[in-house]
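Have a look at the structure below before the remarks.
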Amino acid sequence: MTTVLQRRQTANLWERFCDWITSTENRLYIGWFGVIMIPTLLAATICFVIAFIAAPPVDIDGIREPVSGSLLYGNNIITAAVVPSSNAIGLHLYPIWDAASLDEWLYNGGPYQLIIFHFLIGIFCYMGREWELSYRLGMRPWIPVAFSAPVAAATAVLLIYPIGQGSFSDGLMLGISGTFNFMIVFQAEHNILMHPFHMLGVAGVFGGALFAAMHGSLVTSSLIRETTETESTNYGYKFGQEEETYNIVAAHGYFGRLIFQYASFNNSRSLHFFLAAWPVVGIWFAALGISTMAFNLNGFNFNHSVVDAQGNVINTWADIINRANIGIEVMHERNAHNFPLDLASGELAPVAMIAPSIEA
């Protein structure tokens, strides 16, 4: 008689947990980045919803003049926002346990810091989770690279800009009109419209929208007929089919004749790389622009660039923009200061209008 002994293959609880976390068979992939992403995004979302609805007014400027931001304190869906933490807090980390009471924490805008820090950690981990799932499936890593653009933009306005300005009270307000207020004040203080990196960001967003519309309409217009006139053309595609569902040669020929030959891609892979890269690079530059202006390396200043023979200024559009910027600057934070820095800097220093003559 032969006896066979075999050790039982029983994985311990930790190994089973690891297998479940990293399994690509789950309906939603979790991953190790997801272990951090899920609780942080949940915390940010729950706090945002509660604060947006019911947070009491916040002393944003640190001068004991609270600003109401929530729906229950008189705002509507357009004007409501989570108001940034107080200028009295500055760049200090302000968790709940650092305040003397919950009322003090709310008055100083503590929920804003809780939301943005958890949100930023969450989207960083979402980007890492994209890479992790791509790695597990044997895919190339360009999806998280593309997502790095909005991550960089969010990091710029929620973290880098407040660090450069010295206070989280200067961060992006979490609401609709609050976002517009941030944009307008940013223009007044940094002249962002005259910054080349912002211009590249505009080209990236508008160009990306244009290219997406062009690509979608070209493909839709050159579908290979698989259905009758009475059926939807969408039924002509079966998920996972090997053959192309549209005629790229026809699309290339059309667009090459509409513009010129070399404006049209004849390689599907390079085309789709271009469609991804254009808006991503543009938004990277926009985020870089915010991050440099955070430290007051501002947009171009062409004020008083044109003068006549008597030295009188001939206004250009740059001067019109400058006057608008100063007007906006004197209106915002109306009780925090009397004059903007541009007006409080003293008399203008004279500059030479002509080169001095050089004696031999």
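Here, residue 1 is simply the first one shown, and the rest follow in order.
Each residue, glycine too, has its Cβ placed from N, Cα and C.
Here's what Swiss-Prot has on this protein:
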type	residues	note
BINDING	His118	chlorophyll a ChlzD1 binding site
BINDING	Tyr126	pheophytin a binding site
BINDING	Asp170, Glu189, His332, Glu333, Asp342, Ala344	[CaMn4O5] cluster binding site
BINDING	His198	chlorophyll a PD1 binding site
BINDING	His215, His272	Fe cation binding site
BINDING	His215, Ser264, Phe265	quinone binding site
SITE	Tyr161	site 'Tyrosine radical intermediate'
SITE	His190	site 'Stabilizes free radical intermediate'
TRANSMEM	29-46	transmembrane segment
TRANSMEM	118-133	transmembrane segment
TRANSMEM	142-156	transmembrane segment
TRANSMEM	197-218	transmembrane segment
TRANSMEM	274-288	transmembrane segment
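Feature map: annotations from Swiss-Prot on the structure.
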| residue | record | DSSP (3 states) |
| --- | --- | --- |
| Tyr126 | pheophytin a binding site | helix |
| Tyr161 | site 'Tyrosine radical intermediate' | helix |
| Glu189 | [CaMn4O5] cluster binding site | helix |
| His198 | chlorophyll a PD1 binding site | helix |
| His215 | Fe cation binding site | helix |
| Ser264 | quinone binding site | coil |
| His272 | Fe cation binding site | helix |
| Glu333 | [CaMn4O5] cluster binding site | coil |
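Cβ atoms within 8 Å of the centroid of the Cβ atoms of His215, Ser264, Phe265 (the quinone site) belong to the same-chain residues Met214, Leu218, Ala251, His252, Phe255, Leu271, site residues excluded. In this structure, the C-alpha atom of His190 (site 'Stabilizes free radical intermediate') lies 11 angstrom from that of His198 (chlorophyll a PD1 binding site).
Once the Cα atoms of His215, Ser264, Phe265, the listed binders of quinone, are compared pairwise, the greatest separation found is 11 Å.
In terms of Cα distance, the binding-site residues that sit within 10 Å of Tyr161 (site 'Tyrosine radical intermediate') are Asp170, chosen from Tyr126, Asp170, Glu189, His198, Phe265, His332. Tertiary neighbourhood of the transmembrane segment (197-218): same-chain residues 251, 254-255, 271, 274-275, 278-283, 285-289, 292, 299, selected by CB-CB distance under 8 Å and a gap of 6+ residues from either end.
Rounded to a whole number, the distance between the Cα atoms of His332 ([CaMn4O5] cluster binding site) and His198 (chlorophyll a PD1 binding site) is 22 Å. Long-range contacts of the transmembrane segment (118-133) within its own chain (CB-CB distance under 8 A, at least 6 residues past either end) are made by residues 24, 29, 31-34, 36-37, 40-41, 43-44, 47-48, 139, 141, 143-144, 147-148, 150-151, 154-155, 158-159. Neighbour density at the Cβ, taken as the number of other Cβ atoms within 10 Å, is lowest among the binding-site residues His118, His215 for His215. Rounded to a whole number, the distance between the Cα atoms of Tyr126 (pheophytin a binding site) and Ser264 (quinone binding site) is 35 Å. Counting only the Cα atoms, the space from His215 (Fe cation binding site) to Tyr126 (pheophytin a binding site) is about 28 angstrom.
Sorting the recorded positions Tyr126, Tyr161, Phe265 by the number of other Cβ atoms within 10 Å puts Tyr161 first. Under 8 Å, Cβ to Cβ, and six or more positions away along its own chain, Glu189 ([CaMn4O5] cluster binding site) finds Asn298, Asn325, Glu329. Taking the Cα of Asp170 ([CaMn4O5] cluster binding site) as the reference point, the closest of the binding-site residues His118, Tyr126, Phe265, His272 is His118.
Distances between the Cα of His332 ([CaMn4O5] cluster binding site) and those of the binding-site residues Tyr126, Phe265, His272 are shortest for Tyr126.
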